[in-house]
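Novice: The structure is given below, and queries will be raised subsequently.
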Amino acid sequence: MNPMTSTILLMTIMSGTSIVLMSSHWFMTWLGFEMNMMAIIPILMKNYNPRSMEAATKYFLTQATASMILVLAIIINLMHSGQWTITITENITASTLITIALVMKLGLAPFHFWVPEVTQGVSLSSGLILLTWQKIAPLSLLYQIYPSINTNLLLTMSLLSIMIGGWGGLNQTQLRKIMAYSSIAHMGWMIVIMIYNPNLSLLNLFIYIMMTSSMFMLLIANSATSTSSLSQSWNINPTITTMMMATLLSLGGLPPLTGFAPKWMIIQELTKNNSVILPTLMAILALLNLFFYMRLTYSTALTMFPTMNNMKLMWQFQPTSMTPMMTMLISISTLALPLTPLFISLS
């Protein structure tokens, strides 16, 4: 793809998300979502093969359906309240439809089926945008309307997402699908705390974006797309492989890494609100995620496929391609647990 075209499309994606973040008017919010969707589709198709075309089509159909439901909800809300303001969402039907539309855009269960398929069909760089930046706008809108959301509906979807995100990733060998199921599970953790402490949900989103961006950058640096390619990465680049192992364990929420902090704070907040069964179930289901991250870590660092003798020396002659941005992201993703008191004060 032409660099100028890529720049224009990325600027349009950022503009669409910014419009959603800054708007208090339903029409401008819908416009921001549409700008965002129309700009990312060419980025998903940049490899231009049948798989990326199929992935882009699935993404378009899902997002277009969600936008139609959102417009219907906006019209119903306008008929009852006479207001275009986002925070005035008094009608139960409109509120439920808006929640369903935003959950479809986020890829939460039971509307999660498009996420693994689309992520698997696109390149690693497109998957990075899809699983990080594209989550910001729907979550910011949920943050604004959370007082009028049906609590039981949101909690059910959250718990289902954590469950499916764990179970779905168990039998996967493709890294992009594993990251997609990981995203579904992390979204479940973010949404479950939205009702009790929305600021903590935004903090969780920030940490999730840091960890997922680090992981995708390491996969791009290693050109790894499956578990078998990870098994050969230690011979080629041990530095990046070690960092990948730490980032994977952080994504799984293993202490003393950064990924443990949001899970710790969310469970603490839920227990403060006299909820015991829900955080217990969430903690148990989080072990499913941790299991497939541990399996990936084992494939990455503790196994080696049979290789030629000269391949074992490749890392001595190949420079490690680390950028300052990647170094900063990996540091935040793995070593920020001592900053937990600061995170608690911010939430």
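Every residue gets a Cβ built from N, Cα and C, even glycine.
Quick paste from Swiss-Prot:
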type	residues	note
TRANSMEM	3-23	transmembrane segment
TRANSMEM	25-45	transmembrane segment
TRANSMEM	59-79	transmembrane segment
TRANSMEM	96-116	transmembrane segment
TRANSMEM	122-142	transmembrane segment
TRANSMEM	149-169	transmembrane segment
TRANSMEM	178-198	transmembrane segment
TRANSMEM	200-220	transmembrane segment
TRANSMEM	240-260	transmembrane segment
TRANSMEM	274-294	transmembrane segment
TRANSMEM	326-346	transmembrane segment
Novice: Among the recorded stretches 3-23, 25-45, 59-79, 122-142, 240-260, which has the greatest number of Cβ pairs closer than 8 Å to the transmembrane segment (178-198)?
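Specialist: Out of the listed stretches, 122-142 contacts the transmembrane segment (178-198) most.
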Novice: Using a Cβ distance cut-off of under 8 Å, indicate which of 3-23, 59-79, 200-220 has the most pairs with the transmembrane segment (96-116).
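Specialist: Going through each listed stretch, the top one turns out to be 59-79.
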Novice: Counting CB pairs under 8 Å, which listed stretch among 59-79, 122-142, 149-169, 274-294, 326-346 touches the transmembrane segment (25-45) the most?
Specialist: 59-79
Novice: Is it the case that the transmembrane segment (149-169) and the transmembrane segment (3-23) touch, counting contact as three or more CB pairs under 8 Å in which the residues of each pair are 6 or more positions apart?
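Specialist: Answer no, regions not in contact.
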Novice: Looking at 3-23, 59-79, 200-220, 240-260, 274-294, which one has the highest count of Cβ pairs under 8 angstroms to the transmembrane segment (122-142)?
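Specialist: By the under-8 Å Cβ criterion, the transmembrane segment (122-142) pairs most with 200-220.
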